[in-house]
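Q: Following this message is one structure expressed as structure tokens.
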Amino acid sequence: SMASPALLMRVVASAYSVAEKAATIVRNVMSAGDLGIVEKAGPNDLQTKADRLVQMSICASLARKFPKVTIIGEEEVPTDDVTEDLIEDGHCEEILKQPCPAQYTGIKEEELVIWVDPLDGTKEYTEGLLDHVTVLIGIAYGGKAIAGVINQPYYNYEAGANAVLGRTIWGVLGMGAFGFQLTEAPAGKHIVVTTRSHSSALVNECITALNPDHVVRVGGAGNKIIQLIEGKASAYVFASPGCKKWDTCAPEAILHAVGGKITDIRGNSFQYNKEVKHMNSAGVLATLRNYDYYASRIPNTVKESLVP
């Protein structure tokens, strides 16, 4: 008989279904019309009913199946008393059928850390920029992002009434990433994607130094990595603190699975063990290709102003 699927593949297969359930919650909250917006640290740091319900759904669903895994989510919400309608216990059969990369076959539950951003791009969600919104579930082992799921609940939302709404992208290091068409940015073009609502003098100084042909300003870290893997941008540059581990874990796994690279502005890789501080205080630099070209052009003044 077939050996039962390795733990990692079971976690990814479950995270896939859990992310699809999350997308349904996100869409239902929006269509019901009461977003329940709360300001956290200020007008650019918002939380909605969708952030809260989705985090409860993801964390409770995964904790029920994988009780020894550490799960760290963005929002401060209880997960012990979650109603059954928020629980998703399905999994993606397609993912379970894939062989687990050899280096991950022996992983135990207690060695995994799952980083959850229930709704990345909350500000854009409240403003109706729905294609910026993602649900992020990142899976880390030994401090490294090794697998991830990105759901875009409103993918295709401008394609008309009969279009299939939403999609789920997933990836595992050593295996690849799926659910999208990998595309490289136009050769010789330097298209930089950066923050939409968290700009600063430093952010702009850094972008100017790269002398880009074009700058794209959009919300959400998940959305920015999608811009890279679909060839709409050649570099994601954010010379500021503000981004957190749950913003970068899933996108990093997917980007690395297709040969891209993400670091902080100083070139340090991110650590995802459960004890790590949550803030990526030295910003983000990510590319699908040509990482060194961009890294070599980040001014030292910018690097020195950002302390990891």
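Cβ coordinates are placed from backbone N, Cα and C, and glycine is handled just like the others.
Where the annotation comes from TrEMBL, it is an automatic prediction and has not been curated.
From TrEMBL, here are the annotated features:
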- E74, D117, L119, D120, D247: Mg(2+) binding site (BINDING)
Q: Check each residue in the chain of E74 (Mg(2+) binding site) that is at least six apart in sequence and keep those whose C-beta is under 8 Å from its C-beta; list them in sequence order.
A: D51, Q55, V116, D117, P118, K244, W246
Q: Around D247 (Mg(2+) binding site), which residues of its chain at least 6 apart sit with Cβ under 8 Å of its Cβ?
A: D117, D120, L136, A221, G222, N280
Q: Fewest other C-beta atoms within 10 angstroms of its own C-beta: which of the binding-site residues D117, D120 fits that?
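A: It is D120 that, of the binding-site residues D117, D120, has the fewest other Cβ atoms within 10 Å.
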Q: Enter the number of other CB atoms within 10 angstroms of the CB of L119 (Mg(2+) binding site).
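A: A 10 Å sphere around the Cβ of L119 (Mg(2+) binding site) contains 30 other Cβ atoms.
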